Amino acid sequence: MRPIAAACLRQFHARLLPRSPINTILRLRFSSDLAPSDMSGIKRRNEANGSGEKRWKKKRTGKSDKKVGTGRFEGSPEDILLDDIKSLLRISQPEESVAESATIEESAPETFTEVEVTISTLTSTGDGLGTSDDGKRIYVVPFTVPGDKVTARAIKNFPGYTTTDLVEVKQPSQDRKDDLVFCKYFGRCSGCQFQMLSYDYQLGHKRRVIEKAMKNYSNLDPSLIPTVGEVMSSPLSQGYRTKLTPHFDGPRKGGFKPSDPIPEIGFQARGRRFVLDIEDCPIGTQVVRDGMKSQRDFVKHNLHTFKRGATLLLRESTRRTPLENDGSSNGNSEPQAYTDSKVCVTDSKTSITEYIDNFKFTFPAGSFFQNNNSILSKFTAFVSEQLDIPSEDGQEHPQDSYMIDAYCGSGPFSICCGHKFKAILGVDIASQSIESARRNAADNGIHNARFITGNAEAIFADVDFPPDRTSIVIDPPRKGCDELFLQQLLKLGPKRIVYISCNVHTMSRDIGWFIDSSAGSYVIEKVGGFDFFPQVSLHPDVITALSAIYEYLYTNAK
Ligand SMILES: C[S@@+](CC[C@H](N)C(=O)[O-])C[C@H]1O[C@@H](n2cnc3c(N)ncnc32)[C@H](O)[C@@H]1O
């Protein structure tokens, strides 16, 4: 079950730098009642990972566990937060003393007592961090900004750090803009924790998260990492989400009874395991917000029909009606060619429609499609440009070039970028998405595309495109690419690779492995971000797009 804001971001330690004991020790996971910003799946994660204290004391094995291979780094929010804590601890006290002696008790406050904290850092997960007076303990304080002086309530102690609730901002940072907060659930809901930051500040922070991720998790020499570009803003910073999934809990057995009270219907409460009742969510598009109200009413009036708790689906669908050419204008010089009307779909099997520019996409409401339509036009245009293969003598994209669309979903890249390629091959593990991709390609006049269902690496058995005239776009889920896929990609050696990710941490891991393994055959040309999730930290908050250019792999072999 996902709360309102899914997320993404992460880290690593340069292989060329010495790894301190604390690096390894800190690869523990949260085992608290609290968790970082994305609370989804926390129960399962806690059960799987055991106690944080044991993990803290885990000894390093001497092997990097952040490379492709066994025990590879998964880029979870817990790992990322812990690495940020580790960095701050390292600044405030000698590494050895932290690594060897950290215990829960050391300088730990009593649970539920209040502490005064000055926030010095904003983590990649979106939490503020401050150090205790003796420098031996870090306080993790949600909804804070570097420079804030706050009172926080200790919730749970771990070796070296304490998770807290924010009680009061005693002296605000100059970067805190509380008048920007637009949602009445701010501070209690687990989503949209950046509302008190200007949008420019949010974009700057997300850029720093990408920089940190590439530096810490790619294992690459810094000279191989280009300057991280600006994070491109979303045209809409509120009212952009075309999909919301509020949920409610229910009895484990026997279903709801007529006498049962109406449960809380909403999103995970910040730092708690219960659902916060949410009547309205202003980051949803208007039709999705309206749908939320009517679905809440539906649950209230039909509670007895639910056997247990449920996740509600609210998904925007667009009906586009061509206009008669009556000379009316949309305000630009171009006459308006259509009108769009929106409806909210709540059945996951119902087919819905979205447009990116004039490209039309239909897919089942429950399947994957990007949730912020407002940014898709400039994002797909950017990806299209990165896929271009410069010809020998200039900038022109050769006519006889080919495209691979790995993790293609219902085909947005094949369709928005595919017109300039001679042939396209797409792959996705979800057969439903592949059916949609085939239909969408046909509907949009892309007749040279073939889509196959399977693991991404299945593409390599099927592809016969000449590598030096092939571009590939890779858009994996948050866990990144499988090792086998990366190995075969390296073997194929396509001319251009555009890696897109909603988890910059696993992306950095994969790209680091790839660049390193290519032994100079590939270089990273560009790294930057697109802010798909304004107001939100981590999951999925920034989509990163990176392009690597093929230099000479296989040149001599052919
Ligand atoms: C982030 S989505 C991207 C989808 C598409 N590119 C888009 O922008 O709509 C990741 C996609 O990877 C697919 N996927 C997950 N694991 C996969 C695997 N092992 N092999 C191939 N596809 C996979 C999912 O079904 C999903 O469609």
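For all residues, glycine too, the Cβ spot is worked out from N, Cα and C.
Copied over from TrEMBL, here are the features:
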ACT_SITE  C502  active site, nucleophile
ACT_SITE  C502  active site
BINDING   Q370, Y407, D428, D475  S-adenosyl-L-methionine binding site
COMPBIAS  326-338  compositional bias 'Polar residues'
REGION    37-74  region 'Disordered'
REGION    315-338  region 'Disordered'
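Look at D428 (S-adenosyl-L-methionine binding site): DSSP puts it in a strand. Long-range C-beta contacts of D475 (S-adenosyl-L-methionine binding site), restricted to its own chain and to partners at least six residues apart, with a cutoff below 8 Å, comprise A406, Y407, C408, G409, F413, I500, S501. If you measure from the Cα atom of Q370 (S-adenosyl-L-methionine binding site) to that of the residue listed as 'active site, nucleophile', you get 10 Å.
DSSP gives D475 (S-adenosyl-L-methionine binding site) a coil state; it is part of no helix or strand. Those same-chain residues not listed among Q370, Y407, D428, D475 yet with C-beta within 8 angstroms of the centroid of the S-adenosyl-L-methionine site C-beta atoms are F368, C408, G409, P412, F413, P476, P477, I500. D428 (S-adenosyl-L-methionine binding site) sits 17 Å from the residue listed as 'active site, nucleophile', taking the Cα positions as reference. In this entry, S-adenosyl-L-methionine is bound by Q370, Y407, D428, D475, whose most widely separated C-alpha atoms sit 15 angstrom apart.
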